[in-house]
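Trainee: Pulled the feature table from TrEMBL, pasting it below:
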- 1-17: signal peptide (SIGNAL)
- 79-100: transmembrane segment (TRANSMEM)
- 120-140: transmembrane segment (TRANSMEM)
- 147-167: transmembrane segment (TRANSMEM)
- 179-205: transmembrane segment (TRANSMEM)
- 212-235: transmembrane segment (TRANSMEM)
- 281-300: transmembrane segment (TRANSMEM)
- 305-323: compositional bias 'Low complexity' (COMPBIAS)
- 305-327: region 'Disordered' (REGION)
- 340-360: transmembrane segment (TRANSMEM)
- 381-405: transmembrane segment (TRANSMEM)
Amino acid sequence: MWAASCLASCCASCTCGLCTSAAAGISRRSARLAYCGLFALSLVLSWILREVAAPLLEKIPWINTFTRTPPKEWFQTNAVLRVSLGNFLFFIVLALMMIGVKDQNDKRVSWHHGGWILKIVVWAVLVVLMFFLPNVFITIYETLSKFGSGFFLLVQVVLLLDFTYAWNDSWVEKDEQKWYIALLSISGLCYIATYSFSAVLFIWFNPSGHDCGLNVFFIVMTMILAFAFVVIALHPKVNGSLLPASVISVYCAYLCYSALSSEPRDYECNGLNNHSKPVSTATLVLGMLTTVLSVVYSAVRAGSSTTFLSPPSSPKSSSSKPLIEGEIESGKNDTKPVTYSYFFFYLIFALASMYSAMLLTGWSSSTSGTSEQINVGWTSVWIRICTQWATAALYVWTLVAPLIFSDREFY
C-alpha cells in the first residue's frame, strides 16, 4: 500500500528528526518547532493506526469486550482516540507544570526547552499505555473531546479576529493613499468572493427537484451575516473597518461550504454526492497537512500572543511586548520575562489533540461513512455551522462592546 508506506516514511522521518534534535540539544527558539513536530508525529501515528490497527484491536480482550463484534469503524475510532488521549495527557501535564512561569529565572523554563529524550520516551510510553485502558475511559475522553474541540475552534476564531485587526492597523498606520486603496481593493475582492461563492453553493447544495430548505437557510444566513458585518462596521458610531468585515465574511462563507460538504454522501441535497468517489490518497494527505498547519499555527500563535490576556475586541491586543516591560526598563529588577505563555502553549496543544481526534473520526460518528471519508456526518455539519455563528457573534461583539461599555478602554 503506497499510502501506508508514505505515512510510515513520514513517521520515521519525524521520529529521526526529533531524536536528532534531542541528541544535539534544542535551542530556545526551536523548542516550539520541536513540539510541533511531536504533535505532527502523533497525527501521523493516529492516521496509520486508523487504517491498519482494527484487526489487531479486535483480538485484544479488554478492548473487544462485546458479545457481538462491532464494525471495523468502531475499532478505527477507538485507535485514534487512544493515541489522542496519550497525546492529550502528555501536553496537559506539561501545561499544569508550567502554571505561573513568568520569567527566565524560573527553573521550570529549562524543563520547557530541554530534556527531549525523556520527553519523547514519556510521550511514547503514554501512548502505549492508553491501549491497556478499559473502554470506559475512552468513552469518557470521547465525550470530553467534543467540548475541548469546541473550545479549540473558538480559539481559532479569536486568533482570526486578532489577525484581521492587526493587518488592518498595520496598513492604516502607514497613512499613505496606496495602502488605503489596497485595503479597499482587498475588501471589495473579499466581498465579491463571498457572494460569488454563495451563489455557487446554491447550485451545489440546492439541486432542483428536492426540498433543501435547511441548506438554503444556511447559505442565505451566510449572505445576511456578510451584509450585516459591513453595515455595522461602517456605522458612524462604530469604530470599525471594512477589511476585517470582509475577511470574516469570507471565512463564514468557507465555514458554510465546509458544513454543507460534510453532509452524508447519501443525502439528496448534497450536490457533491454524485461526484464523490473514494477519497484519493492525495486528498487525504492534503487534508491532513491542512489540519496540521492549522493546529500548529493556532498553538504557536496563541501561546505567543497576548490576545487571550486582553479583550479580543482590541486590535492592539496582539502586541508582542511583555506586560511587565515597564518594570524592566525602570530598572526595578534584572529579570527577563518569558516571551510567551508556556501554560497556554501546552493547553492549546492538548485541545488540538482532542480536535484532531474528532476530525479523524468524524466527531466519533464511527458508524456512518467509510474509513476513507474524514469528517463527514451531521455532527460535523452542525459543529461548523455553530462555529460560523460563534465567529459572527464574536466579531459583532468586538464592534459593539465599546458602545455598550463606554466607561472601559478597549483600544
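Note: Cβ is positioned from N, Cα and C throughout, glycine not excepted.
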Trainee: Which stretch from 79-100, 147-167, 212-235 shares the most C-beta pairs under 8 Å with the transmembrane segment (120-140)?
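Mentor: Most Cβ pairs under 8 Å with the transmembrane segment (120-140) come from 79-100.
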Trainee: Hey, which bits of the same chain come close to the transmembrane segment (212-235), Cβ under 8 Å, at least six residues off its ends?
Mentor: 191, 194-195, 198, 201-202, 205-206, 241-242, 244-246, 248-249, 252-253, 256, 259-260, 268-269, 385, 388, 392, 395-396, 399-400
Trainee: Tally Cβ pairs under 8 Å between the transmembrane segment (340-360) and each listed stretch (79-100, 147-167, 179-205), then give the stretch with the top tally.
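Mentor: Counting Cβ pairs under 8 Å, the winner is 79-100.
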